[in-house]
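Asks: Here it is, the structure, as structure tokens.
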Amino acid sequence: MSFRFGQHLIKPSVVFLKTELSFALVNRKPVVPGHVLVCPLRPVERFHDLRPDEVADLFQTTQRVGTVVEKHFHGTSLTFSMQDGPEAGQTVKHVHVHVLPRKAGDFHRNDSIYEELQKHDKEDFPASWRSEEEMAAEAAALRVYFQ
């Protein structure tokens, strides 16, 4: 079974957690090691269109995923980001939360991560994507934490 993420079909091999209403997947072009996404299962374009139970599940799942990626990738902090609508930088028309484990000094300016996320979401060159094998291996390593 594949997962819908906006205009994309996501292979189960890159999904490391599925809850009743959400799923988490590795990123094909991470801004930092461990940069993952958490999405509602239902393809909803804007945050205000989520039902209350979907909001609760999305953020409970995001919290669980954040704890795992911070530990697995030896982070000391987390950045959570959501672009809600085109003027906010949303390029995939499906609500999603970026979860990024952080370390001291990972960016010259701490807030540069937001500039990198903006560039990340606009640059869509398959040549810069990770291989399916690399993504599947990372998803498998993260999946262990949720079994």
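We count from 1, first residue shown onward.
Note that Cβ sites are derived from N, Cα and C of the backbone, with glycine treated the same way.
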Asks: Can you identify, from 34-38, 54-58, 94-98, 99-103, the stretch that Swiss-Prot calls motif 'Histidine triad motif'?
Replies: 94-98
Asks: Please work out the number of neighbouring Cβ atoms within 10 Å of the Cβ of Tyr145 (phosphotyrosine), leaving out its own Cβ.
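Replies: Around Tyr145 (phosphotyrosine), other Cβ atoms within 10 Å: 15.
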Asks: Reported as an integer number of Å, what is the Cα distance between Tyr145 (phosphotyrosine) and His96 (active site, tele-AMP-histidine intermediate)?
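Replies: Each residue's Cα considered, Tyr145 (phosphotyrosine) and His96 (active site, tele-AMP-histidine intermediate) end up 21 Å apart.
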Asks: Measuring Cα to Cα, how many angstrom lie between Tyr114 (phosphotyrosine) and His96 (active site, tele-AMP-histidine intermediate)?
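Replies: Just about 15 Å between their Cα atoms.
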Asks: Going by DSSP, is His96 (active site, tele-AMP-histidine intermediate) sitting in a helix, a strand, or coil?
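Replies: Going by the DSSP assignment, His96 (active site, tele-AMP-histidine intermediate) belongs to neither helix nor strand, so it counts as coil.
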Asks: Helix, strand, coil: count each for the residues of the domain 'HIT' (2-109), based on DSSP.
Replies: 30 helix, 31 strand, 47 coil
